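K.L.:
First the structure, then my questions, so here it is.
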Amino acid sequence: MTIAIGTYQEKRTWFDDADDWLRQDRFVFVGWSGLLLFPCAYFALGGWLTGTTFVTSWYTHGLATSYLEGCNFLTAAVSTPANSMAHSLLFVWGPEAQGDFTRWCQLGGLWAFVALHGAFGLIGFMLRQFEIARSVNLRPYNAIAFSAPIAVFVSVFLIYPLGQSGWFFAPSFGVAAIFRFILFFQGFHNWTLNPFHMMGVAGVLGAALLCAIHGATVENTLFEDGDGANTFRAFNPTQAEETYSMVTANRFWSQIFGVAFSNKRWLHFFMLLVPVTGLWMSAIGVVGLALNLRAYDFVSQEIRAAEDPEFETFYTKNILLNEGIRAWMAAQDQPHERLVFPEEVLPRGNAL
C-alpha cells in the first residue's frame, strides 16, 4: 500500500489566475467589483459629459440643454426621453433609433444610457466596499450605509418613472433640471407634507448635526501630549493609545444635556443609523409616489377655507400653490397633450 504524504492541491484554473490579477495589491484596487464599477462609471460620466456638451433637448422637451446651445453648468442637462417613448430602454440598435446615433440622442437615448449605467455603477461601488472589507477583515457597514444613496437613486430615477407613464417623468440629469423636478414633486404629489419626506429631512439634517457635534467634541477633547507642531502632527497613525478623551466628552455632554453617550460603539452606530434610515425612508416614500399614493390631506380645512373667505391656513395656501404649479407645469411640460383647464380648476384665492 502506498501512502501519499503532503497536501492535495487542486489544479489551478483561469478563474484562479483572474482572481489573483484582479485582487492583487496595486495603487487603485480593481477586484471583481471593478469589472462592474469601472466600465459603468466611465460610461455614465462620459454619457453625461457628452450630453451636456453637445446634445439638445429640443425634440423631447423643447429646451436648450447643452453648452453648445448656450447653457452653463447649472442649466445644462441630459434630458429624459420623449413622453411617446414610454418605458423603452432605447437601445441604439432598437426600433426607435434603428442604429442612427444622432436620432438616438434626439429621442433621449442618452438619458436611459446614463441612468442605467449610473445605477449599476453605484451598485458596483457598494460591491467594491464589500470586497475590500472582506479582504482586510473589516465588517461591511460602509457598504450597508452606501445602500441608502443607491436606494434613493433607484427609487427616484428608475422606480418613480416606471410607476408613471414613461421615463419622461423622471428627473433629467442637471442642476436646474433637478430643481424643476422637485417643484414638480411638490405640485403634483404635495411631497413636503409626505411623512416619508419628513423622515428623510430629519435623517439628513439630523446626521449633519450629529456630524458637527461629533467632530467638535473630538477636537475639544484631544490629548495634547504630543511633540508635533499642531493637532494633526501630534500623534502617530499607528499609535496604541486613544487620541481623545471619551470620559471628558461624556462629562461635557452630561452637563449640557443631562444625558450623553458613554459607549463609542453605540455612538457611532447611531451616527450611521440616522442618515441611512432617513434616506431609506425617503426612497420608500418615492416608491409610494410612483404608485400615486397621497400625502396627508386635511380635507376639513380645505372645505372650511372654500366656504369661509376669512379662514385660511398655511396648509390651504400651499394647496392653492400646488394647484398653480400643476396648471402651469402640465401645459408647459406636455404641450403634446393639448391640455385645456376650465376656469373652475384653475388656482383661486390669494395664495398666488
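We number each residue from 1, going along the chain as drawn.
Just so you know, glycine gets a Cβ as well, placed from its N, Cα and C.
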K.L.:
According to Swiss-Prot, which stretch among 40-60, 103-123, 166-186 corresponds to the feature transmembrane segment?
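P.N.:
In Swiss-Prot, residues 40-60 carry the label transmembrane segment.
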K.L.:
Of the ranges 5-21, 124-140, 328-344, which one does Swiss-Prot flag as transmembrane segment?
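P.N.:
Checked against Swiss-Prot: transmembrane segment maps to 124-140.
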K.L.:
May I ask you to indicate which of 68-81, 82-95, 152-165 is given in Swiss-Prot as transmembrane segment?
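P.N.:
My reading of Swiss-Prot: the transmembrane segment range is 152-165.
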K.L.:
Just give me the nearest neighbour of HIS268 (Fe cation binding site) among the binding-site residues HIS117, ASN142, HIS197, Cα to Cα.
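P.N.:
Checked the binding-site residues HIS117, ASN142, HIS197; minimum Cα distance to HIS268 (Fe cation binding site) goes to ASN142.
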K.L.:
Between C-alpha atoms, which of these binding-site residues comes nearest to PHE261 (plastoquinone binding site): GLN129, ASN142, HIS197?
P.N.:
ASN142
K.L.:
Write out the long-range same-chain contacts of GLN129 (pheophytin a binding site), meaning residues 6 or more apart in sequence whose Cβ is under 8 Å from its Cβ.
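P.N.:
Expected: PRO140, ASN142, ALA143, PHE146.
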K.L.:
Under 8 Å Cβ-Cβ from HIS117 (chlorophyll a ChlzD2 binding site), six or more apart in the same chain: what's there?
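P.N.:
Looking at Cβ-Cβ distances below 8 Å from HIS117 (chlorophyll a ChlzD2 binding site), excluding near sequence neighbours, one finds CYS40, ALA41, PHE43, ALA44, GLY47.
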K.L.:
By a Cβ-Cβ criterion of under 8 Å, what residues six or more beyond either terminus of the transmembrane segment (278-294) are in contact with it?
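P.N.:
Distant Cβ neighbours of the transmembrane segment (278-294) are 147-149, 151-152, 154-156, 159-164, 185, 189-191, 194-197, 199-204, 206-207.
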K.L.:
Is it possible to get the count of other C-beta atoms within 10 angstroms of the C-beta of HIS214 (plastoquinone binding site)?
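P.N.:
A 10 Å sphere around the Cβ of HIS214 (plastoquinone binding site) contains 16 other Cβ atoms.
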